[in-house]
């Protein structure tokens with residue numbers, strides 16, 4: 001019997017051409033490595049220094065070394081990097097799950113601070129890194145960098161890695177920091193990609209005021225339209241599921257509609273050259289607010305875990321590949337004649353990342369504190385933590401660098417190879433070293449008992465500590481639409497309590513107009529087998 005099995009295996013292997021066989025082997029090994037990352041990450045769950053990002057990168061580096069040795073130094077990769085693979089297949093589940101699982105109350109409570117850091121802060125970082133790259137890298141003797149390359153570097157290294165950041169913050173111990181860093185990470189990635197795409201679409205040979213104005217207007221257009229598209233896609237999915245109610249016949253259909261509508265929003269945004277990251281993020285928020293409440297209870301549980309699992313696998317896949325690609329011999333061969341220049345370029349870029357981050361975190365924190373009460377202000381320890389947590393660079397930076405400086409994952413030009421290897425160096429160093437030190441830094445800067453005490457005093461009630469940022473838990477009615485919410489009696493009160501006031505009026509509009517049309521908690525009509533059936537039986 002075993003002889004027949006082996007014979008069948010070899011006959012099938014011979015029937016495949018060498019390219020197909022290599023692809024099958026590569027996929028098998030990659031899936032095995034993904035399983036290994038999950039198992040080892042679980043075993044290191046309680047480790048003070050390690051997180052799953054570092055674990056995946058370390059396994060990728062070890063695997064790349066083994067492949068490099070077994071192939072005689074020819075290559076270290078199982079798969080050739082494709083920015084299309086990253087942007088079309090791996091990034092959508094990560095960003096959508098971030099929007100779908102977000103605790104909306106925490107997110108929108110800190111919305112102005114998040115937008116200040118995520119949008120305005122990214123622009124400041126972009127300007128500093130692009131200017132520094134233009135002034136310093138051209139003196140390194142690596143070849144003349146065009147203005148488009150320098151601006152692209154500004155966008156590439158302005159993109160923080162929210163995946164790494166969220167793994168080193170505890171949402172129960174630091175809910176405010178978690179919400180700010182989480183929201184900033186998503187908005188930051190979207191802003192960086194929008195800037196990168198805007199740069200590609202303009203003639204930058206002659207920069208003047210008109211060019212800068214057009215760039216800003218194009219950026220604003222992409223930002224606003226992308227958000228609107230995501231909201232419309234989410235509302236459309238809610239309306240379809242509410243009206244047709246697939247769950248009465250098959251829960252599979254309503255789950256399929258949610259998944260496909262989310263992915264459709266992303267691809268439509270790509271089709272129209274918008275910011276797909278923003279689109280799918282806000283689609284996730286709207287779906288969690290309306291669509292998720294229109295499906296059956298079993299579908300709610302299923303979708304929540306399916307989206308989280310797809311996001312988790314995509315994150316591990318990305319970091320595993322980054323670790324293997326770091327040893328790609330093709331790129332290092334192109335720069336091996338000048339290792340000193342490679343180290344110098346990497347050091348300059350890392351220094352610009354540190355400077356660009358500091359240039360907006362501390363000044364914008366000061367501006368944000370101007371309209372806050374003493375107990376709600378971002379103190380110095382929190383500012384340092386926000387600055388440090390956003391220093392990590394990851395897959396978005398890698399993908400944008402490949403898109404700018406390579407062709408189909410390959411490059412032979414020294415200048416382009418230098419940019420790729422420097423990006424890899426900065427990504428690895430920031431992820432491993434900064435990620436390695438973030439946990440002890442947070443424990444040193446923000447001791448749990450004191451920080452929790454501060455959060456209790458900063459919030460109107462201690463209930464906020466029980467409402468972490470992520471999760472689809474239902475907000476209390478007291479917070480969402482209580483008639484006891486204080487009304488502003490002057491412009492000063494309006495500015496002081498703007499978040500609560502806007503939230504109050506939004507809740508009234510949502511309850512009166514949006515939920516009756518698009519469904520959501522409390523407005524789904526009773527249908528046998530519907531999500532409301534269980535609650536109706538309980539009340540009777």
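Each residue, glycine too, has its Cβ placed from N, Cα and C.
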Which listed span TrEMBL calls transmembrane segment, if the choices are 2-19, 56-73:
56-73
Among 246-265, 386-405, 446-465, indicate the range for which TrEMBL gives the feature transmembrane segment.
386-405
Kindly point out the range from 219-241, 472-494, 495-517, 518-540 that TrEMBL annotates with transmembrane segment.
219-241
Are the transmembrane segment (305-324) and the transmembrane segment (386-405) close enough that 3 or more Cβ pairs fall under 8 Å, when only pairs 6 or more apart in sequence count?
yes
